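Feature annotation from TrEMBL assigns disulfide bond to 82-115, 83-99. What TrEMBL lists as transmembrane segment is 24-44, 162-187.
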């Protein structure tokens, strides 16, 4: 991005047609790669759903290993009000939260606090609210934790905000096309001036 921006800026300032053509071509390549990715995402949405599930489950396995990853998962689960990829039982993949008899962890059969439903009356987050919650029947779990998984919640969010997401992508595409047109216009002006010499 730095090289591309540098080429466009210096090419425009110094009226260097090579840098402007470089800027225009690579901006066009990026535009077509984004367009291709969008079409492929639409065509292969089931594959993307499987990859998202695989990604979330791998991150669940490493939840306590990386604090940044832990914060990302907690933010995602709180924002979308979800738990795990497809449900709270996905936390069996994590060595601290699984429900096996050999698990000595205090978090056994639990979920992270970000899976817990929030009580508006509480000012302080109860970080132990998910302890032993999955050992309870499903009907009891519903009042304490989010039951829905993050993959279905993400799909729902995407459908609810489809016009906003599409508007953002169209806006970015129009800016790229505008940049290509301006660069090509400047190149043609520079070459016209050089020919008149």
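Glycine is treated like the rest: Cβ placed from N, Cα and C.
Just so you know, TrEMBL annotations never went through curation; they're auto-generated.
In this structure, the disulfide-bonded residues under consideration are 82, 83, 99, 115, and the one with the smallest number of other Cβ atoms within 10 Å of its Cβ is 99. Taking only the Cα positions, the spacing between residue 99 (disulfide bond) and residue 115 (disulfide bond) is 17 angstrom. Here the Cα atom of residue 83 (disulfide bond) is found 5 Å from that of residue 115 (disulfide bond).
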